């Protein structure tokens, strides 16, 4: 069970990183402000 939880955490973190990268490339001005 603990293994599944760890996998879920890693997946969520990777998704968040992807979202941040996409937002930065699309609208860096908004993030800067």
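Just so it is clear, glycine is given a Cβ too, placed from its N, Cα and C backbone atoms.
All TrEMBL annotations are machine predictions without curation.
Sequence annotations record features per position, and here TrEMBL assigns compositional bias 'Basic residues' to 1-11. TrEMBL lists 1-33 with the feature region 'Disordered'. Here TrEMBL flags 22-33 as compositional bias 'Polar residues'.
Distant neighbours of the compositional bias 'Basic residues' (1-11): none; no residue of the same chain at least 6 beyond its ends has a Cβ under 8 Å from one of its Cβ atoms. With DSSP classes pooled into helix, strand and coil, the tally for the compositional bias 'Basic residues' (1-11) is 10 helix, 0 strand, 1 coil.
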